[in-house]
Each structure stands twice: as structure tokens, then as C-alpha cells.
Amino acid sequence: MKRIILAITGGIAAYKSAVLARLLVKAGFEVRVIMSQGAQAFITPLTLQALTGNAVHTELLDAAAERGMGHIELAKWADIMLIAPASANTLARLAMGMADDLLTTVCLATAAPVLVAPAMNQQMWQHPAVQLNLQTLADLGYQLVMPDSGEQACGDVGMGRLPEPDTLLVHVEHTLARLTVPQVLAGRHVVITAGPTIEAIDPVRYLSNHSTGKMGFALATACCNAGARVTLIAGGKVQLPTPLGVTRINVLSAEQMLVAAQQYVKGNENWQSVIDDDPHDHHHHDAPLLDHPPADVFIATAAVADYRTRQAAPQKIKKTQDELNLDLVKNPDILATISAEFPNVFTVGFAAETQDVERYARGKLTAKNLDMIACNDVSRSDIGFGSDDNAMTVFFRDQHDAVILPKASKGEIAAQLVGLIGRHINVRE
Ligand code: PMT
């Protein structure tokens, strides 16, 4: 059974914490609640005790509590901690590293990941002091769950609403899932292309292919779970939800995908360094407030349309003739361009082949100057495009033997590919 500390601080959103506590219990967590003084003005410890079946912790120096489960035991007991809602005052106190009440002391004393879900009035949220504290918390390794925007209890409209309990639960489970994964990409920035591209013929028609983006999105999740910061460039009109913690950029055509890939691989000059994730320390952050660093790894899963129309027709083409010839020109090769422009980036290609898979894959490895290429046989209908499964043969620049990944879900294949990428980049350095 997973153990969570739910810490509640003073704010009207504290009423949602009761629902959250119940949801966590239903999801199989053992829940212990810490309430600040402020929280108790909004909701009673008795409510949380009844919902969790455990006494609620409120005092740092309470002889009775210390005999049961003192602050250090509590800090050690937890697999994860969630502060929801986290008031502006709590953010400031955590940013300062204070330890003058139970909540702040446990935050300092725990090795478990701490998720912080701020909630406050929108004007308070915008205050530079609050924003500065959020930045500090991200740098310190706290994982921020950003508030929603919308109508607030006080009547204002804006940023600062506590996300709904089921969203908070998703964040908790996502963070726990990451804890079991070796952090082979900790501190790395990975840029991934996914899905098809679509090339306009006229305002209503286009050329494209059957890629759904599933493979690329599974890789984005796997890279993120392995500790990487991930930018996912999704082409065409990929319908999949964005994996948690991943930055998603939507583009349509190959030309747009190339521009986005160059920009995100190059990095933004204004990006601020953050404390690198330590593989032994499970504090992760998605750094939502920061710009992006240069990429360490580029993975091209996108099925890029090889050709586009020389010029998309400005108006819908009328079906007056029996025949229509499209004048097509070759699209830029995104992967080859990135590998040529950024020789220090570890480049991973995919190869979708229907015949002579190995020969073509090795050919692309050399021609595009890649570090690694993962090859799927798309002539099989049970794997490859669209399906939930895949099977791959992987070839490397610096290793003679291929690695065979037998048929498995795209999620599992992605995790195995990330293991291979991690091993090769860490050996290379
Ligand atoms: O999206 P799904 O439905 O989950 O399907 C997954 C997939 C089958 C699309 C995926 O596993 C896959 O094989 N992607 C590569 C498809 C492909 O176009 O392969 P290719 O052999 O044409 O290209 C080789 C490599 O060069 C690929 O990494 C491709 O992204 C890249 N490329 C190709 C052409 C181009 N103009 N620019 C590129 O970057």
C-alpha cells in the first residue's frame, strides 16, 4: 500500500482536500493528513480523520503525537507528500527553508518527492514575490502542480484555482510511477517528433499518412519517467492527450516541424539553469516556469511526408477535369538536418520499412549520420502504424550487434528504447 502525506494549508480550496483524501483512500493509499493552523479555520481535523481513518497531525511539538508518530517518523513513513492547497504563505516559508511548524519541518525531513499545489486569489498569484518563491521551489526540487484558471471563490476570475481532486491524483500517481524507473536521462533535454505531417494541397485537402503519434507519445512519457525534460513536437492533427510533464508543440507540415525541431534542439538563450535531478533524490520538477535548454537527445518518430505540393492552391481545386496532376517537391529531411547541424546531440531515427528491413535501416543510420536507429516492419498489421504494439530491431553507430525488442506495448518498447539511449549516451561521455 502506498503511503501519502496530504498536507492542507489555509485557503478556501481546503474544502476540496476532503474529497481528495477520500479519493486517495479509494485509490488504495494509506493517507496521513497534516493540517496547518490556517487550514483548521476552513475545515476540521475531525472530517479528515473520519475520511482517512487516521489521527490528523497538527502540532510540531506535541508530546502525545511524538510518542505515536513524531515528525521524523512521519517524514520517513511517506512515499510521497502532497501539499494541497498550498497557500502563498506556505510557499514563502518553504522557499525560505523554515522549520517552525509541523508541515515545513516534515518537508525538510523527508526524502520523498513533495508535490506542491498552490491555490490563492489571482492577484496574489501574480505578485512577483509569489512567482519568485515558485521559481525557488522549482529550483529546490519541489514539484509544482500549477493552478487552474477560472472563476474564484472570491468572485475574481484568473489563475489560482486548485485543480480538481482527480487531477491531483493523476499527478501523484505519475510521480510515483517515475520513482521506480531508473533515472538514466536525469538532467537531459530530449526533443521528440511524433505523428504524421500534413501537406496542404488546397485549403481543404492534404497529403498525409497513417501515423497516429502513439509511438512518439509513448517515448515522451518514457523519457519523462526516466528523468528527462521533454519537448514533444506533434505533427498533423495528433489526437492524443499530452503526457504529464511534457511540453507539447503542435505543427502541421514538415517545414514547420523542421523549424520547431531546430529551435528546440538549439535551446533558448534565456533559459535558466536548474538544479539537475539527482538519480538518488526523487524530487522532480517539470520546470513549468523556465525556458528550454539545448537538447542532448533528438528522437525522430514522426512519419514525415516525403513530398509536399510545390505550391498549395489558394482556393479549393474544382473537380472539373478527369485527371489532376499534383506537382510535388521533396520535403527537407528533419532528422538528417538536425544531425548535421548539431553533431553533439545524440540522434535516434526510426525506420518504417516493408521489406529488407535491416539493410535499409543500416543504410539510413549511415546516410543520416545517426547514433541509433529503431526499425519496425510496418508490413505487419499487428505492429507499427496505429496499433498499440510494436516490435523493433535497433542498430547503433558504436555497436556492431543489433538489439531485438520483441513485440510488446508501445509503452514497454519505449521504456526499453530509453534504457538503450541512456546506456549509450552515458557511455559516450
Ligand atoms: O505514430 P504511430 O501510429 O504510433 O506509428 C509509429 C511509426 C510506425 C510511425 C513509427 O514507429 C516509425 O517507424 N516512424 C518513422 C516513420 C518513417 O517515416 O520512417 P522513414 O523511414 O521514412 O524515415 C526515417 C527516419 O527519418 C525517421 O526517424 C523519420 O522521422 C525521419 N525523417 C524522414 C523523412 C523526413 N523528411 N524527415 C525526417 O526526419
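Backbone N, Cα and C define each Cβ position, glycine as well.
In TrEMBL, annotation is done automatically, which means it is predicted and not curated.
TrEMBL lists 1-189 with the feature region 'Phosphopantothenoylcysteine decarboxylase'.
As annotated by TrEMBL, domain 'Flavoprotein' applies to 2-160.
Summarising the annotation, TrEMBL assigns active site, proton donor to CYS154. DSSP assigns CYS154 (active site, proton donor) to coil in the three-state reduction, outside any helix or strand. In sequence order, ILE12, ASN121 are the residues of the chain that are 6 or more apart from CYS154 (active site, proton donor) and have a CB within less than 8 Å of its CB.
As annotated by TrEMBL, domain 'DNA/pantothenate metabolism flavoprotein C-terminal' applies to 185-266 (among others).
Feature annotation from TrEMBL assigns region 'Phosphopantothenate--cysteine ligase' to 190-429.
The annotation domain 'DNA/pantothenate metabolism flavoprotein C-terminal' is assigned in TrEMBL to 293-421 (among others).
Per TrEMBL, the feature CTP binding site maps to ASP306, LYS316, PRO332, ASP333, ILE334, LEU335, PHE350, LYS364, LYS368. In the three-state DSSP classification, ASP306 (CTP binding site) falls within coil.
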Is any of CYS154, ILE334, PHE350 (recorded positions) within Cβ reach of ligand 1, i.e. under 6 A, and which? ILE334, PHE350
Taking the Cβ of ASP306 (CTP binding site) as centre, how many other Cβ atoms lie within 10 Å? 14
DSSP-derived class (H/G/I helix, E/B strand, else coil) of PHE350 (CTP binding site): strand
If you tally other C-beta atoms within 10 angstroms for each of the binding-site residues PRO332, ILE334, LYS368, the top scorer is ILE334
How many neighbouring Cβ atoms, not counting its own, are there within 10 Å of the Cβ of PHE350 (CTP binding site)? 24
Whole number in angstrom, please: the longest C-alpha to C-alpha distance across ASP306, LYS316, PRO332, ASP333, ILE334, LEU335, PHE350, LYS364, LYS368 for CTP. 37
Quick one: DSSP breakdown of the domain 'DNA/pantothenate metabolism flavoprotein C-terminal' (185-266) into helix, strand and coil? 25 helix, 21 strand, 36 coil
